[in-house]
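Q: This is the structure, below, for whatever I ask next.
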Amino acid sequence: FLEKPENTVDVVFVAKVDSSTLVRKPTMKWLKGKWLDLGSKAGKHLQFKETYDRNTKVYTYEMKLVKVVPGDAGGYRCEVTAKEKCDSCTFEISVEGEQRHTETDLRAGEDAGEDEGDLDFSALLKATKKSPQIEESDVWELLKSAHPSEYEKIAFKYGITDLRGMLKRLKKMKTVEPKVSDAFLRRLESAYSVQKGKKIVLSVEVVDPNVEVKWLKNGQEIKPSAKYIMESNGNIRTLTINKCTLADDAAYECVIGNDKCFTEVFVKEPPVTITKLLDDYHVVVGEKVEFEIEVSEEGAHVIWCFEDQELSREDKTGRYRFRKDGKRHSLIIQEAMLEDTGMFYVYTNGGHSKGELIVEEKELEILQSIADLTVKSAEQAMFKCEVSDEKVMGKWFKDGKEVQPSDRIKITHIGRMHRLTIDDVKPEDAGDYTFVPDGYALSLSAKLNFLEPPKIHLDVSGNMVSQNTIIVVAGNKLRLDVEITGEPAPTVTWTKGDKVVAETEGRVRVESRTGLSSFVIEGAEREDEGNYSITVTNPAGEDKANLFIKIVDVPDPPEHVKCTGVGEDCATIVWEPPKFDGGAPVKGYLMERKKKGSSRWTKLNFDVFEGTTYEAKRMIEGILYEMRVFAVNGIGVSVPSLNSKPFMPIAPTSEPTKLTVEDVTDTTCSLKWLAPEKIGAGGLDGYVIEFCKEGDTEWQVANTDLVERQSYTVRNLPTGEKMNFRVVAVNIAGRSPPAVLSQPVTVREIMEHPKIRLPRHLRTKYIRRVGETINLVIPFQGKPRPVAHWLKDGEPVDPKKVGIRNSNVDSVLFIRSAERDHSGKYTLVLKIENMEDQATLDIRIIDKPGPPLAVKVTDVWGFNAALEWKPPKDDGNCEISGYTIQKADMKTKEWFTVYEHNRRTNCTVSDLVMGNEYMFRVFSENLCGLSEDPSLSKNTATISKTGHLLIDKNPYRQNCIFTSDVNAAPKFTTPLVDRSVVAGYSTAISCSVRGFPKPKIIWMKNRMIIGEDPKYLMMNHQGVLTLNIRKPSTFDGGKYGCMAVNDLGQDEVECTLVVRGTLTMREREREREKSERERERERQREREREREKSERERERQREKRERERVSERERERERVRESERERERESERRERVREERE
C-alpha cells in the first residue's frame, strides 16, 4: 500500500496500491469484521470505485458509505492480492452514539465489535449467554494483569464474546513504553492473511546469526512438525505453516530471550453461497410445508429464522424439523397453521435467502353454481346456488351493489340452497349478479340478459349530399360510426353488393365496440365506390340500412401530348382530354416545359387554360424541349401527363448567296452558290434547285433528293431556250427564301480552249523517296470535254507501273510504291479537236547513297591525322550533300563522330590521344540520309608517346617519321561550375584536364585535401575528373578545388557548393505559389500565342476568301467577255453568210 485507510468518521475511504512490480492487475477486497465480503453488498448504501494512473502505475480504490447508520460502526479490513503477494490493513468506523455501547458492554451477546451493524447477521442470531455477575472494573483489572495466553479463558469465563474488541480495548488501556529492540533487525508484520488450505511463511531478521528463537501460538510454544517448519538461514528465521486451517487463526510470537515480536494470522474460509434459493408456498391449514436450499459446500452451517426469531433444533413444540443431506438443507413444517404465515429466512456466511409462506383456511365447496339467464320483458328470473355448509349465510350483489328484497325481488335460504327471484323483469334489471358467502373469500357470479330488438341509429349528416349517399375524396379516410342498440348485443354484418366485408385489419375494415360499429376506409380509392349495407341481428329481431359511397378524385392525366409546329422561339402543343374526369367536370389545364436532360420544370400558365391547343412562347432556338400537361377539376390537379417527344424551336435559314452559272452546254446548266449567311440552330439539310422558262411563273424542281453540295448541274434542258434558275435552302423548319439569278441563261454550249493548270509545286523537280506513294492531281479546263493522255520520256506510260485516272476537270497520276526506274519526265497532253495543251513534270525517285571509296590516312603529325576519300559510285539518284567522319581507338573499338555534313572529300582529325592507334570510317549523305554502310580506312594512325609518329600500315607512305615535343604542363580544359543542391540528395562536380606526363589529381575542400573519406568518390576517365558527394548535408557546403600536378607545372580550378536544407512548409508553399504563378504566366503567354495564331489564321482565311472572290469576279468577267466575243463572232459569221448569199 502507498496509502492506507485511517480510522475516521468520514464516509469515503481511499486505498492506493503500487503495481509497478506486478505483472497482472491486483485484486482488492473490502471486508467487515473477519470475513464478511462487502463486494456483494454494493448498492445505494455502499458504493465502490476503482481508478488507474498509467503514469505512476498506481491503483486507487474508494469505498463510500451513503447515509451512515449506527449499524455501520465496527472494524473493517481491506485486502489486496496479486499471485503469491498479499497485503492487508485494518481500520475502524466510529458512529456517534455507538461507541459508548461498544466499550461498556462487550458481554452483551450482540458481537459489538467487527461483526456489528446491519451487515452482520450472525450477531443478531447468536444466543446470549449469561455471565457471572462481577464488577466491570474487576474484569478489566484481571485482564490487564493476566498473561495474553490467559485472555481466552477469562473471556469465556465472564461471557465476553468479542475477543477482538476486547484486545483493542486492552491495547487502549495499556500504556506501553516504546523500546528499541536489540535482538531484531526486522520484526514480524502486524498481520498476515492466508486462504484456508494454503501455506504461509512468517519471517524475522535477527542481529545475532547464532541466536536461538522460539515461536509461540497464543502463548504456547510451537514444536517443529510436518505442519510447522522452522528454518534458520544466516540472520533470517522463518516459520512455515502448511495447509492452514481455522485453528491456525491466532496470535503468533517470535521470542529471543526477553525480547519478542508479535503478529496475527487471519485464515480466510471461502464463503458458503446458496446455489438454490427458497421458494414461496401458498397452503391451507394442516398441509405439510418443506423449505429447501442447496449450498456450495457440504457440511456447511446454516441458520433458519422465522421473521426475526432464530429456529433451533431444541424447539420444545416440535413443529419444526431440520434435515441436512450433503449440500441440501431443509426446514419441514408438518402441519401448517395460520400463525405460520410470514417470511422464513436462511443464512450462511456467504449469503442468505428468504421465502414467504401463506396459510389460509379451507375453501367452501360449491355444489351448484349460479348460471346466466336470458329473459324477456315481464318474465321471471331466478338465480340459485348450493354450498356444502348449511349454516353459511351470504349476500347478493348486482353490479357491485347489494340487492335489497322488495315486492318484485325475493331472497331465500333453505338448507344449503340460496335463491334470488326477480318477478316482472324490466330492462334495468339486466346486469351482473354475485353471491358472496359470509366468512369466505369467494364469490359466485352470473349475468342476467334482457332481450331487446336490434336498432341501427345511422347519422351521416356531415357527409350526406343526398339521401343515404356519402361522398369521399380519393386518398382521404372514411370512418362511418354507426350506433347499434339491442339486447343481447346484436351481430353486425357489412356488405358491398353481395360481398361481405369482414376484415378487422387492413385498408378497408370493420371495427366493433360496445354499442358501436365502425366502417373504415383508409386512403379511399376509385374501386371503393358502390352500394354498401349494414345488417344487425339478435334473437329478438333484425334491422338493415343501405348506403351509397361515391369516390371523387382528381382527373386522369391528359393523353397524347405532342408538338405540331415550331417557330424560331415558339411551339404549338396539342393534347386530348383525360379519359376519366375524377367524378367532377374538368375545368382546364396547366402546362409545364423543361429542357431535355434537365429535371427542372417551368410553369407556362398560372390561370387554368380551357382549350386543348396551346402555343408556348419565349423559347430558345436550337434547344430541345419537352412538355407535359396537368388536368384540373374541383378536387385538384391530376398527375402530369407523359412527356411529349422532344422538339426544338427553329426557323428556316436565309437564302443562299452568290448564285452563279458555272457552265452551260446544249442540254445542261451547272450552277454554283454559297451557303446562307444565317443558318440557325436547325442546321441545313440541303438545297432544292428549281427552273422555269423565261416569262413562265410555274417553277419545276430539278432534283428529287436534297443536294448537300453547293453546286448542281440541271440536265435535259431545251437547247436555245432562255431559262431562269433559283436555289432554296431547306432544314427541319422548312424552305428558305429563294436565291434567283439576276438574268435568264441561254442553254447553248460555248467552245473553250483546253488549258492545263499545273500546280505550282509541280512546276519544279518533284522528288520522292523509294517506297513512297505518288498521287498527283492535275486540274484542267476546256469545252467540250478534253481528251487527256500521259507520256514518259516521249513514250506512252506503262499502265502496269503507273496508274492514270481522268475526269472532266482533272487527271490523276498514281504510283503506289515508287521505284528508282519511275524517275523521268512525264508529259500530260490535253486535246479538244484540233486544239491542244501540254504540261511536263520532272519526277525523281531518290534513295540512300552508297559508301565512299578509297578512304585512307594520308598524313599524321602531332595529335592530328589527314584523311582522303572518293565520292560513292551510287549517289542514290540525288546529289551528295556531305559526309560523316568517325574515329575509333583500336583498344576500345568505340566509335565517336568527328565531323558531320562535311562537304569536301578530305578532312583533318585533331585532338588525338598520345600513344593510341586510331582507325577511321566515313558515311556518305544525301536527302535520304546516311549510307547504309560506311567505308573503313585502309590504314591506321598511331600517335607515339615520344612524339615520333610511325605510319607503318600506310601502303602509300612507308617509313615516314615525324618528330615533335608532346610533353605539356597540366591545363584544365573545362572548369568546375558552382552548384546549389538540396541536402540529402547525392551530387557530383566535374571538370576536364590535359597534360603529359599524366598529372596527379588532388581534390580539396576549403583548401584542405580530401583524403580517403567514404563520403567522397573520385573518378578519372580519360582526363574527365568527377567528384561524387554522397547525400551531402549543410556542413558539406563550401569551396571545392581540383589541382593537377606533373613535372612541368600545375593548374587548379575552384567552385562553390551550396547545400540547402530541406524546405519548410512555408518555403514549399512559396515555391509552389511561385511555380503556380510561372505556370499561369506560361498559360497566359500560350493563350496569347493561340489568340495571335487564330487571328493570323482568320486573316489568312479572310485574304483567301477575298482572293477567291476577286478571282471569281475575274472569271465571271472573263466569261462575260468571252460570251460577248462569241456573240460578236456569231454575228460576224451570220453577216458573212448573209453577204455570201447576197
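The backbone N, Cα and C atoms fix where each Cβ goes, glycine too.
Copying in the features that TrEMBL gives for the protein in this structure:
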type	residues	note
DOMAIN	178-273	domain 'Ig-like'
DOMAIN	362-434	domain 'Ig-like'
DOMAIN	454-548	domain 'Ig-like'
DOMAIN	557-653	domain 'Fibronectin type-III'
DOMAIN	655-750	domain 'Fibronectin type-III'
DOMAIN	754-842	domain 'Ig-like'
DOMAIN	851-946	domain 'Fibronectin type-III'
DOMAIN	970-1058	domain 'Ig-like'
REGION	1066-1142	region 'Disordered'
Q: How does the domain 'Ig-like' (454-548) divide up by DSSP, counting helix, then strand, then coil residues?
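A: Tallying H, G and I as helix, E and B as strand, the rest coil: 3 helix, 60 strand, 32 coil.
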Q: Based on DSSP, tally up the residues of the domain 'Ig-like' (178-273) by helix, strand and coil.
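A: So the domain 'Ig-like' (178-273) is made up of 3 helix, 50 strand, 43 coil.
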Q: Determine how many residues of the domain 'Ig-like' (362-434) DSSP places in helix, in strand and in coil.
A: 3 helix, 36 strand, 34 coil
Q: Let's see if you can do this one: DSSP helix, strand and coil counts over the domain 'Fibronectin type-III' (851-946), in that order.
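A: Here the numbers are 0 helix, 52 strand, 44 coil.
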Q: Take the domain 'Ig-like' (754-842) and count its residues per DSSP category (helix H/G/I, strand E/B, coil), listing them in that order.
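A: Secondary-structure composition of the domain 'Ig-like' (754-842): 6 helix, 52 strand, 31 coil.
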Q: Determine how many residues of the domain 'Fibronectin type-III' (557-653) DSSP places in helix, in strand and in coil.
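A: Secondary-structure breakdown of the domain 'Fibronectin type-III' (557-653): 0 helix, 42 strand, 55 coil.
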